[in-house]
Amino acid sequence: MLRRILERAIPLTSASFIGLPKPLNSLLIGAARPATSSGDPVADDDGGDGGEDDPFSFPDHHHQQLPPDVAQGVDAVVAAAEAKASNAADAARALERCGAEASEPLVVAALARLRNSCGAAHAAFRWATAQSGYAPGRRASHSMLAILAKHRRFDDARALLDEMRRASTASPAAVLLLIRRHCAARDVAGAVATFRALPSFGFHPGVAEFHGLLSALCRYKNVQDAEHLLMSSQKEFPFETKSFNIVLNGWCNIICSVREAKRFWSAMQNLGIDRDVLSYGSMISCFSKSGSLDSVMKLFNRMKEAGIAADRKVYNAVVFALAKGRCVDEAKMLVQTMEEKKVAPDTATYNSLIGPLCKARQVQEAMEMFDAMLQRGLSPSVRTFHALLNVARSPIEVFDLLDKMKELYCDPEMDTYIMLIRKFCRWKQHESVEKLWSAMPANGLRPDRSAYIVLIHGLFLNGRLEAAAKYYEEMKDKGFSPEKKTEEMIQAWLAGKELAKASASVRSKGGSVSLRLPRK
C-alpha cells in the first residue's frame with residue numbers, strides 16, 4: 001500500500017535518479033557564509049516575525065567593529081555591572097567609578113554582552129540614562145525591554161515602555177515583544193491586556209497585530225487560548241485563512257497533537273475556510289513529526305489533486321518523513337523532483353535527511369549528505385551541526401566539528417555548549433569541559449543560568465565537588481538563582497564538609513563531636 005502511495009507522490013521522471021552529487025571530503029570543501037535561518041527541517045512557522053525576541057536580536061559587537069575608546073568603555077561597563085550584579089546599589093556605585101562615557105553604540109554593545117544577567121543589564125542601562133548628554137535611543141531602549149521581558153520583570157518592562165512612549169521611541173513591535181514574553185510565562189491575561197493597551201501607546205490594534213498575538217500565544221503552547229480568542233473575535237477580526245493557519249500550525253507544530261490538528265482541520269472545512277499550501281504544509285508537518293508516513297503521503301497526494309503546488313516547506317516535511325521512515329532513496333528522489341519543479345533544495349532540505357540519518361546511527365550516510373550539501377553551495381546551520389555532534393563518538397570528533405563550524409562561519413549557540421558539556425561530563429572528559437567553557441566568550445557568548453546548572457550538576461556527579469562549588473558561587477554572584485535541586489545538593493555537600501572539618505579538629509584535641517548537621 002505504502003509503495004503505491006509513494007509511486008503516486010514521486011513522479012516516474014525521478015525513477016532514473018542516479019543520486020545526489022558525488023560527495024567530496026568535507027574537510028576540503030569551502031562554503032559561503034551561512035544564512036541566518038535555523039534550517040529547521042520541519043519549520044515551526046507560526047506566522048510571526050522569527051525568533052522570540054525579534055526584531056531586537058543581539059548581534060555581538062566585537063571590538064574591531066567599535067572605536068577603541070568605545071570598546072574600552074564597553075569592557076569597563078560590563079566588568080563593573082557584572083562584578084556587583086547581585087546588588088543594585090553596589091552596581092550603581094561601581095558603574096559611576098568605571099570612567100566610561102555613555103553613548104548609544106556603547107549602551108547597545110554592553111547590553112548585548114549583559115543580556116543573560118538582567119540585574120547587571122538594568123544597572124548599566126540606568127547608569128547610562130542618568131548621564132548628562134545621553135538619552136537612550138530606540139535600539140538601546142528596545143534591547144533593554146527585551147532583556148527585562150525575557151527575565152519576566154514585567155513591571156519594570158511596562159515602566160520602560162511608558163518611558164519609551166513619552167520619548168516617542170515605542171513601536172508596535174516593542175509592544176508585541178512584551179506580549180510574547182507574557183505568553184512565554186503562560187500569562188495569557190497579561191498578553192491580551194497588553195494587546196488591548198495598544199491604543200494607549202497611540203497604535204491601532206489591526207489585523208497584523210492580532211495575528212502577532214495569535215502567533216505569540218501559539219509559539220508558547222497557549223494554542224487552546226489562541227483558538228478561543230480567534231473564535232470569539234469574529235466581529236472585530238473576520239475569519240480568514242491566515243488566522244486559522246496560525247492556530248492550525250500551533251496544534252500541528254507546537255503542540256504536535258495529531259488529534260487536535262485533525263479536529264481543527266475539520267473545523268476549517270465546516271466553517272468554509274479555504275485551505276492553502278500553508279494549511280497543507282502544517283498538517284503534513286504534523287504527520288511527519290508523528291512518524292505517520294502513510295498519512296503524510298496520502299495528504300501530499302490529496303494536495304496535488306486539489307491543484308495546490310507544493311512549496312519548499314511541504315517538500316522538506318515529506319523528505320523528513322521519508323528519511324525518518326528509512327525510505328532514504330525515495331527521499332533523495334523527492335529532492336530531485338523538487339529541482340524539476342523549480343523548487344530549489346535549501347539547508348533545511350538537507351537537514352531533513354541528515355537529522356534522521358544521525359538518529360538512525362547511519363553516520364556515514366549523514367556525512368555523505370553533509371558533503372553533498374556543501375558541494376551544492378549550501379551553508380550548514382547550527383541544527384546541521386547539532387545532529388552531527390550528537391553522534392560524535394570522541395572528543396577529537398567533537399572538536400573537529402567545532403573547527404568545521406568556525407571554518408564555515410557557523411557560530412555555536414548556547415544550546416551547542418550545553419549539549420556538549422553534558423556529553424563531555426558523561427564521558428568524564430573534564431579538561432574538555434573546561435576548554436569548552438573558556439571558549440564561550442570567544443564566540444560572543446556568556447554563560448546563562450541553564451549553562452551553569454548543567455555544568456554544576458555534571459561536575460558534581462563526576463566527583464569534582466570543589467569545582468562545582470566554585471561555579472555555584474560564580475553563578476550566584478552573577479545574579480542567577482540556582483535550581484532547588486542544585487541548592488540542596490551543594491548545601492548538603494558544604495554541610496558535610498564543615499562537619500568533617502569540625503570532626504577532624506575535635507579528634508586532634510582528643511575530644512568528641514556532635515553529628516548534628518548545622519541548620520540552614
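Using N, Cα and C of the backbone, Cβ positions are placed for all residues, glycine too.
Keep in mind the model is a prediction, meaning the values are calculated, not measured.
What TrEMBL lists as compositional bias 'Acidic residues' is 42-55. Per TrEMBL, region 'Disordered' is recorded for 35-67. The repeat 'PPR' annotation in TrEMBL covers 276-310, 311-345, 346-380, 413-447, 448-482.
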I'm checking region-level scores; what's the whole-number mean pLDDT for the repeat 'PPR' (311-345)?
95
Reported in the order helix, strand, coil, what are the DSSP residue counts of the repeat 'PPR' (311-345)?
26 helix, 0 strand, 9 coil
When the repeat 'PPR' (413-447) is classified with DSSP, how many of its residues are helical, how many are strand and how many are coil?
26 helix, 0 strand, 9 coil
